Amino acid sequence: MTTLDDKLLGEKLQYYYSTSEDEDSDHEDKDRGRGAPAISSTPAEAELAGEGISINTGPKGVINDWRRFKQLETEQREEQCREMERLIKKLSMSCRSHLDEEEEQQKQKDLQEKISGKMTLKEFGTKDKNLDDEEFLQQYRKQRMEEMRQQFHKGPQFKQVFEIPSGEGFLDMIDKEQKSTLIMVHIYEDGVPGTEAMNGCMICLATEYPAVKFCRVRSSVIGASSRFTRNALPALLIYKAGELIGNFVRVTDQLGEDFFAVDLEAFLQEFGLLPEKEVLVLTSVRNSATCHSEDSDLEID
C-alpha cells in the first residue's frame with residue numbers, strides 16, 4: 001500500500017524528464033536509420049513510363065533508354081536506305097529513257113547528213129559502228145527514190161511526140177505551156193535527109209524524159225520559105241517560158257543523116273538542154289548502193 005509520499009513521488013517520477021533517457025532514445029533511432037535500407041515506395045517507379053522515357057535514372061533505366069535509341073536509329077537508317085533505292089531506280093529509268101532518245105536523234109541526224117552528202121559512208125560507219133550498212137543503204141535508197149519520185153511527178157508528164165496542126169497551134173504551144181516546161185520542136189518535111197532519124201529519136205527521148213514536151217511541125221504549116229526548107233531542115237528549136245533557148249538548123253551537119261537517140265541525147269547534153277533523167281538516176285542509185293563496199297568513201301549523189 002502506497003503512502004501519500006510514494007504517490008506524490010511516484011507521480012513526479014512519471015512526469016520526470018531525464019536527458020539521459022532522451023539521448024539513449026536518439027541513439028537507438030539513429031542506429032535503426034543506419035541499418036535499414038531505403039525501399040522504393042512503388043515498384044512501377046523503376047520501370048519505363050511510356051514512350052521509352054525512364055523515370056528511374058538508375059543503370060537499368062539507362063540501358064533501356066540506350067536500347068530504344070539504337071532501335072530507332074536502325075529503323076531510321078533502313079528507311080533512308082529504302083528511300084535511296086527508290087530514288088536511284090527512278091533516276092536510272094528516267095536517265096536511260098533520255099539517253100535512248102538522244103541516241104535515236106543522233107542516229108537520225110547522222111543519217112540525214114549522209115543523205116545530204118555531208119558525210120561519207122566511211123565516216124558514218126566509224127561514228128556509229130552499231131548501225132548495219134545494209135540498213136543504212138536501204139534507208140538511203142528509200143529516201144532518194146522518194147525524192148526522185150516527188151521531183152518526177154512535180155510537173156506535167158507528156159511521154160509522147162505531139163503533132164502541131166497549124167501556125168496558131170504552134171504559137172499557143174509556146175505561149176500557153178507552163179513556164180517550167182521544156183519544149184523541143186522538130187521542124188521537118190517528108191523526104192528531107194535525116195528526118196526519119198530525128199522522128200525516131202524524138203519518140204525514144206519522149207519516153208525517157210517525160211517532163212519534156214516533144215513536138216513536131218511541118219515547115220509548110222508555119223509558113224517557112226522554100227529556101228529554109230531546102231537548107232535548114234531538119235531543124236530543132238528549144239523553148240522554155242516562151243523564150244527560144246536553143247536553135248539548131250540542119251542537125252545532120254553535126255550528127256549525120258543516120259543517127260540514134262543516144263547521139264541526139266549526148267548532143268543536147270553538151271549544151272545543157274536536157275534535165276536530169278529520172279529513170280537513170282534511180283537505176284544508178286540502186287546499183288551504187290548494192291556494189292558499195294563498207295570501206296569505200298564514195299558519196300552517192
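Glycine residues also receive a Cβ, built from the backbone N, Cα and C atoms like all the rest.
Cross-referencing S25, S54 with Swiss-Prot, the residue annotated as phosphoserine turns out to be S25. In the three-state DSSP assignment, the secondary structure recorded for S226 (phosphoserine) is helix.
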